[in-house]
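Peer 1: If you scroll down you'll find the structure; I have some questions about it.
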Amino acid sequence: MTPLETKRPLQLNDQGQLQHFLSLDGLRRELLTEILDTADSFLEVGARAVKKVPLLRGKTVCNVFFENSTRTRTTFELAAQRLSADVITLNVSTSSASKGETLLDTLRNLEAMAADMFVVRHGDSGAAHFIAEHVCPQVAIINGGDGRHAHPTQGMLDMLTIRRHKGSFENLSVAIVGDILHSRVARSNMLALKTLGCPDIRVIAPKTLLPIGVEQYGVKVYTDMTEGLKDVDVVIMLRLQRERMTGGLLPSEGEFYRLFGLTTARLAGAKPDAIVMHPGPINRGVEIESAVADGPHSVILNQVTYGIAIRMAVLSMAMSGQTAQRQFDQENAQ
């Protein structure tokens, strides 16, 4: 598995500001920290009686989801609305795409309607990069998840969750458990943790669900839950992505749970104050026990709350960077 290389100008404008948010690969620690700090400031907005700020007033954000995701779509909608943007959500299953219109056609038609930003979720790895580079370079593109490649806002909301509960990344042990092979969340989390200075990143999975070359992300690989969870501070569970699996990668879900399910007994091997995370949707009794998902170590619902703040931060920063780049281009064209 090789992380997709991201050219600096594609995600960042000439001033080094975010103008698209496609992947965490290649982004500096300072920029990730700025996103986290900005999201922290937006958490206060969610606690107000009137949950709005005027940063994107007059702007139009289009959510274009070619894959279903209630949680991600809803939090992007809320984030844009809290920034005072006009929001359009395209239900692809009932749109022209179901009648044969391509991704390219759909986005160019939306661009012609003067949209300022697209949040795109697509089943093909690299779709967001393609759109930003070749289809709509003058529109801010946010990757809402593309194939197995990346889910950068999920990665950042997970980092915000960890930072708010643990303070910093400097002395942490973090275990990512489950279907690493098919998980764009795992890839984004590994990149973010490494960039933010986490010294002990572990992946725990059966060999059939580990990508070739995963060690290049700076992780330690475990195929035994008891060994992998020993004294960790954070446990990030992943669901089995049956829809992306081909062939007999697993004997059964029951066998997976027996060997890799997070139970109360297994969690006892982690640190006493360990937190348990999950990007959702949760498959209870497959990757996690209900007593753990609903227990005192779980911060799963906090992740949803923090997700709105992270997406507010990314939307506002990318829109600002895209606007600054347009002004820069206009000034230099004169």
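Positions of Cβ are set from backbone N, Cα and C atoms, glycine also.
According to Swiss-Prot, the protein carries these features:
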- R71, T72, R121, H151, Q154, G280, P281: carbamoyl phosphate binding site (BINDING)
- K99, R184, R239: L-aspartate binding site (BINDING)
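So where do these features actually land, and what's packed around them?
Peer 2: Taking a C-beta cut-off of under 8 Å and a sequence gap of six or more, R71 (carbamoyl phosphate binding site) has these contacts in its own chain: G280, P281, V304, G307.
Annotation for R239 (L-aspartate binding site): spatial neighbours G178, D179, H278, P279, G280, P281, I282, N283, V286, E287, criterion Cβ-Cβ under 8 Å with sequence separation of six or more.
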Peer 1: Same chain only, sequence gap of 6 or more: which residues have a CB within under 8 Å of the CB of T72 (carbamoyl phosphate binding site)?
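Peer 2: Listed in sequence order, they are F65, R121, G144, G145, T153, Q154, G307.
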Peer 1: Can you tell me whether DSSP puts R121 (carbamoyl phosphate binding site) in helix, strand or coil?
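Peer 2: R121 (carbamoyl phosphate binding site) sits in a strand per DSSP.
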Peer 1: Can you tell me how far the Cα of R184 (L-aspartate binding site) sits from the Cα of H151 (carbamoyl phosphate binding site), in Å?
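Peer 2: Their Cα atoms are separated by 6 Å.
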Peer 1: List, in sequence order, the residues of the same chain other than R71, T72, R121, H151, Q154, G280, P281 whose Cβ lies within 8 Å of the centroid of the Cβ atoms of the recorded carbamoyl phosphate site.
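Peer 2: Checked against the 8 Å cutoff, the neighbours are S69, G144, G145, V185, P279.
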Peer 1: Between G280, P281, which of the binding-site residues has its C-beta surrounded by the fewest other C-beta atoms within 10 Å?
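Peer 2: Fewest other Cβ atoms within 10 Å, among the binding-site residues G280, P281, is found for P281.
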Peer 1: Return the single residue from the binding-site residues list (H151, R184) that has the minimum number of other CB atoms within 10 Å.
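Peer 2: Relative to the other binding-site residues in H151, R184, R184 has the fewest Cβ atoms within 10 Å.
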Peer 1: Which whole number of Å gives the largest C-alpha distance between any two of R71, T72, R121, H151, Q154, G280, P281, the residues noted as binding carbamoyl phosphate?
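Peer 2: Of all Cα pairs among the recorded carbamoyl phosphate binders, the widest measures 16 Å.
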